[in-house]
Amino acid sequence: MNRFFDLPSDLQHSWFGLIGLHLREALLPVLAGLLAALPIAQLCVRFRWLYPPVLGLTTVLYAIPSLAFFVVLIDYTGQTELTVMIPLAVYSLVVLVPAIVDGVRSVPQETLAAATAMGLGPVRRYLQVQLPIAVPAIIAGLRVATVSSISLVSVGMLIGNQGALGNLLNDANIYHRPELAVNSVLTTAVLAILADGALVLLRLLLTPWMPRRTGRPARVAEAARPDTATPADAAVPALEDAAR
Amino acid sequence: MRSGAAAVALAATAALLAGCSSSGGKTDDPLSGGKAGDGTVVVGSNNFPESILLADVYGEALKAKGVKVEYKPNIGSRETTYGLLKNGSITVLPEYNGALLAYLDKKAAPKSVAATTAAVSAKLAPKLALLNPSPAEDKDSVTVNAATAQKYHLTSSSSIADLKDAAQDLVIGGSPEFQTRQQGLEGLKSVYGLHFKSFKALDAGGPLTQAALKKNLVQAADLFTTDPTVTKEKFVVLQDPKNLFGFENVQPLVHKPGLDRKGTDALNAVSAKLDTAALLKLDTQVQTQDKDPLEVAKAWLKSEGLA
Amino acid sequence: MNVLHFVNAFFGDGSHWHGYDGIPARLAEHLRYSLIALALAAAIGLPVGLLTGHYGRGGNTLALIATAGRALPSFGLLVLMFILLGFGLVPVMIPLVVLAVPPILVTTYEAVRSVDPAPVDAARGMGMAESRVLFRVELPVALPLILSGLRSAAIQIVSTATIAAYVSLGGLGRYIVDGLYQRDYEKVVGGATLVAVLALATLALFWAVARWAVSPGVRRSG
């Protein structure tokens with residue numbers, strides 16, 4: 001274990017360098033996914049008929065294994081970080097759209113009416129009322145997307161050392177150094193837990209009106225009746241807690 | 001007010017991410033380093049230890065001559081790296097002349113190293129060129145484990161053809177690409193008439209293949225002739241009288257527009273000094289003595305007066 | 001659309017339909033890995049989730065276990081286990097089970113916890129034993145949510161079982177990994193299509209099971 005942080009030269013990075021690379025490859029796609037998910041979710045809230053087909057499409061996209069996604073993209077984006085980040089952004093989008101739609105929809109009609117009565121236009125009503133109330137649901141989605149993204153970056157190792165901390169795995173194998181694989185798994189797991197914790201903190205900061213210990217019961221109550229929902233709706237909880 | 005807080009948080013996240021991306025460094029950004037336009041030579045390697053080592057050897061020799069070098073190690077199989085050379089994403093790749101020829105032309109059967117180089121050159125994409133071959137050879141092979149050798153009375157003087165009757169009971173292992181290559185299942189079928197019971201996809205002569213052969217999960221496998229484990233595990237490398245695996249000299253394949261005269265000379269100087277014994281010695285240092293390939297490469301270049 | 005072209009070419013090639021590398025054989029291997037992993041994960045997650053949910057204890061511990069389980073990278077765990085344990089099914093089962101236990105465990109716990117306390121109290125008042133309260137009252141009401149946890153786990157297993165191919169096992173991932181190294185898009189796209197179809201079939205199966213197994217009374221009260 002004394003060579004735990006002694007990384008082979010072909011990785012071309014120090015341990016901290018790999019961590020930075022890993023965070024970039026994992027978090028930028030989540031951010032991109034969030035930026036794309038917000039307008040898509042808003043459209044789905046505005047036009048209810050749009051939601052089932054969007055959900056169907058995203059479910060199919062989500063079912064595609066990441067490695068296959070990477071390999072097909074190589075032709076267009078080369079063996080680059082971008083090839084790893086595009087699928088991760090898509091997976092994040094898939095997790096976030098239902099989370100945001102459910103969050104925004106959960107805003108009570110009376111609240112909206114009150115906002116309108118206060119003279120808020122649709123844009124301000126969305127930014128100042130709907131979005132803040134949806135924050136817990138959005139953060140719940142972000143947690144799932146972030147943890148899964150951090151885990152999946154490692155698979156990028158297979159397309160020419162684009163897996164940041166995952167690249168350690170190949171070297172552990174070819175140079176017979178198991179400690180490098182332990183390093184990869186532990187570091188990745190710790191990053192995921194820290195990112196998850198940071199998002200929980202963020203939610204506490206953004207929603208001071210919420211009781212400190214909850215945030216889940218609302219989701220449980222919703223998920224508890226999959227049979228009254230359409231089959232497409234039933235797919236939503238299946239996408240949660242994902243970390244392939 | 002709440003949305004204000006949300007916007008601040010979002011902006012902070014974005015700033016953080018931007019910070020991450022700029023701290024990632026310039027030279028290792030694969031998008032900026034894609035084309036070798038700024039004089040930087042991109043040295044790539046396939047996904048097995050010897051290729052990574054050879055990339056270090058050639059790359060460090062270039063560096064010693066003042067050439068700006070960027071490494072792209074562990075890319076994948078030839079099926080991938082050839083395309084990257086063609087479009088200039090990588091400039092230099094340590095290749096093996098016979099294997100490259102089999103990839104470009106399944107039917108070719110040259111009788112000498114020079115003929116192999118000529119045959120490859122005739123088939124290469126326009127902007128690519130092979131530099132001088134080194135005397136160092138590392139062939140693919142059909143290698144059987146000790147138990148199989150004993151069972152079918154195979155020795156180091158036996159040939160692949162001697163497997164003709166046994167093959168249908170044997171599982172052969174190799175890299176996934178071995179399954180569809182001429183220097184692989186296809187050639188073993190068409191040249192030697194061997195039909196194995198099944199094929200097990202492992203890795204390119206790496207730890208998976210070595211372990212699978214040792215544990216008898218496969219009875220025969222494609223191992224490299226410079227593999228230090230062959231002697232260690234008493235594996236038997238079968239002779240190849242029909243020359244399926246041809247000449248396999250280490251020979252740099254380059255994307256011509258990315259490499260100047262100075263670089264070409266530096267690479268040729270390395271090839272002139274690299275022979276099979278030296279390669280085996282370097283491989284052993286990396287694969288069984290736990291040394292870092294870059295250090296091994298630098299030390300060898302120094303001892304040969306190349307750096 | 002060239003992806004469709006690849007799909008056509010892959011499924012149209014007769015040689016892809018038989019032998020040890022044929023679609024039926026690879027599909028059977030994939031199903032086998034997935035079912036074993038799901039069974040193992042359910043054998044761990046269901047009893048623990050039911051008991052902790054019934055007694056309402058250990059929620060925080062479960063949340064910690066679930067967070068840790070989700071944080072462990074499947075691919076990294078696979079390679080690490082392979083290096084430590086060598087060839088075989090075990091190095092593949094460990095990451096798949098680690099992946100699948102958290103959703104089963106957490107949803108089962110929350111499903112039982114969130115059962116309306118009134119009927120549970122009524123059942124106790126009628127003199128039902130604790131085990132009967134759990135299996136006759138809480139379980140039927142919690143079943144839809146428990147099934148959704150199992151379904152989530154199953155989908156993830158089906159999709160992730162593809163990585164088994166990296167350590168030389170079979171399954172549908174074989175096509176994707178082989179296709180990567182052989183630069184054969186037909187195989188990659190064909191393999192990915194099969195995995196996606198299998199995942200959607202799993203969704204449909206769970207939907208049908210829920211229809212059949214969930215008591216009509218529970219369905220209405222939802």
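Quick reminder: no glycine exception, Cβ is built from N, Cα and C everywhere.
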Give the range, chosen from A:77-104, A:189-216, A:217-244, that TrEMBL lists as region 'Disordered'. A:217-244
Mind pulling out the one from A:54-76, A:82-101, A:180-206 with the most Cβ pairs under 8 angstroms to the transmembrane segment (A:133-160)? A:82-101
Same-chain residue ranges lying at least 6 outside the transmembrane segment (A:26-47) that approach it to Cβ under 8 Å: 54, 85-86, 88-93, 95-97, 100-101, 104-105, 126, 138, 142, 145-146, 149-150, 152-153, 191, 195
